[in-house]
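**Student:** Pulled these from TrEMBL:
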type     : residues : note
TRANSMEM : 12-29    : transmembrane segment
TRANSMEM : 41-58    : transmembrane segment
TRANSMEM : 70-91    : transmembrane segment
TRANSMEM : 103-124  : transmembrane segment
TRANSMEM : 136-157  : transmembrane segment
TRANSMEM : 169-188  : transmembrane segment
TRANSMEM : 200-218  : transmembrane segment
TRANSMEM : 233-256  : transmembrane segment
TRANSMEM : 268-294  : transmembrane segment
TRANSMEM : 306-327  : transmembrane segment
Amino acid sequence: MGLLERTRKEWFIVGIVLVIAVAKLQPAVGAKGGPLKPEITITYIAVSAIFFNSGLSLKTEELTSALMHVKLHLFVQIFTLVFFPTAIWLFLQALSVTPINEWLLKGLQTVGCMPPPVSSAVILTKAVGGNEAAAIFNSAFGSFLGIVITPLLLLLFLGSSSSVPFTSIFSQLFMTVVVPLIIGQIVRRRIKDWLERKKPPFGAISSCVLLMIIYTTFCDTFSNPNIDLDKFSLIIIVLIIFFVQLSFMLLTFLFSTRNNFGFTPADTVAIIFCSTHKSLTLGIPMLKIVFAGYEHLSLISVPLLIYHPAQILLGSVLVPTIKSWMVSRQKALKLTRQPKAPVKLLSLCEHRLKEQQSQQRLMTCIHPQKRNRGIQQFGFTKIQLYKLFW
């Protein structure tokens with residue numbers, strides 16, 4: 001694959017690097033109170049646009065086919081929204097004594113609190129050939145749960161911004177997240193046929209708006225001279241993120257392949273990706289609302305900005321390995337489920353076959369005239385003739 005083609009395919013990751021570089025050059029443009037007025041255009045318009053777009057693109061009518069797989073859904077949601085943030089919190093207690101930047105460590109906690117993404121987990125599950133319906137359901141359902149649970153987790157583990165009261169946070173979340181999402185779903189029902197026919201680029205639209213949010217977030221950072229990010233902390237955070245992803249992918253694999261859970265290999269694939277992936281599209285706007293007024297907001301956002309491309313990169317690299325495991329496991333299960341003939345019945349059939357073969361060989365030794373006369377005149381069977389003349 002050529003460099004241009006690769007750049008076009010990974011344009012969003014390239015865009016993140018570019019907007020951060022532009023923010024570094026001219027931070028005053030996108031900073032609070034600057035020409036872009038991010039306190040209005042980003043906080044209200046851009047965030048609402050992302051969730052309206054999510055409501056418009058979310059195919060909730062396709063989720064009914066996967067609805068009955070309750071055990072799988074419980075596993076994914078509990079792992080994502082309970083185990084993941086708790087495990088990260090315990091891990092960070094040990095890292096708190098290290099010289100790693102404390103705001104980057106808090107950013108790792110925000111990663112743990114995020115819901116699963118709507119797209120990347122589904123795409124990778126489909127690439128492997130796993131349970132795509134389960135991946136779609138858990139990504140969409142996790143996004144809905146994340147609207148309520150993620151802010152609560154953030155406030156529980158990190159606390160809120162001192163300048164924004166608790167009630168104000170949730171009223172803003174309701175107006176900029178819940179309401180646009182519901183409106184998007186209502187509009188989708190009205191123009192469903194047109195959307196199916198035209199297939200608008202929902203993902204690209206959300207990504208472009210998200211780049212604007214990232215840009216203004218880093219403009220605030222670079223316009224504040226008191227903030228300094230050391231390279232040592234950044235490198236360590238990158239290594240920790242890859243370690244966390246690999247560890248949790250292995251953990252979900254080990255748990256989901258246990259016989260008492262009863263998951264198929266295709267289910268395991270969906271579990272691995274849905275349980276360990278985190279949403280950047282939902283995460284950055286929520287951080288913008290919950291931590292409004294934090295001067296270190298951009299540093300808190302850095303681990304999530306790293307986690308997003310890391311999960312896509314790691315997932316893409318592991319697709320062939322996971323696919324090979326799934327195919328071999330499915331073949332092994334098919335062989336073990338094939339019905340086997342009972343030993344006693346098999347030996348009886350072999351005995352009867354040998355007996356018939358021996359009788360046929362012995363009958364050829366009787367003179368043909370005697371054999372035919374005995375059958376025609378006296379009604380003897382072949383076995384009776386054999387006993388009479390042998």
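Cβ coordinates are placed from backbone N, Cα and C, and glycine is handled just like the others.
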**Student:** So, do the transmembrane segment (41-58) and the transmembrane segment (306-327) meet, by the test of 3 or more Cβ pairs under 8 Å (sequence gap 6 or more)?
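**Tutor:** Taking Cβ pairs at least 6 residues apart, the transmembrane segment (306-327) and the transmembrane segment (41-58) are not in contact, as fewer than 3 fall under 8 Å.
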**Student:** With Cβ-Cβ distances below 8 Å as the criterion, list the same-chain residues six or more beyond the ends of the transmembrane segment (200-218) that contact it, or say none.
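**Tutor:** Long-range Cβ neighbours of the transmembrane segment (200-218): 12, 15-16, 19-20, 22-24, 27, 30-31, 36, 38, 41-42, 46-47, 49-50, 53-54, 56-57, 119, 280-281, 284-285, 288, 297-298, 301, 305.
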**Student:** Do we see three or more Cβ pairs under 8 Å linking the transmembrane segment (306-327) and the transmembrane segment (169-188), pairs being at least 6 apart in sequence?
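**Tutor:** Contact between the transmembrane segment (306-327) and the transmembrane segment (169-188): absent.
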**Student:** So which of 12-29, 103-124, 233-256, 268-294 has the most C-beta pairs under 8 Å when paired with the transmembrane segment (169-188)?
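**Tutor:** Ranked by Cβ pairs under 8 Å, first place goes to 268-294.
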**Student:** For the transmembrane segment (233-256), I need the partner stretch with the highest count of C-beta pairs below 8 angstroms, choosing only from 12-29, 103-124, 268-294.
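**Tutor:** Top-ranked stretch among 12-29, 103-124, 268-294: 268-294.
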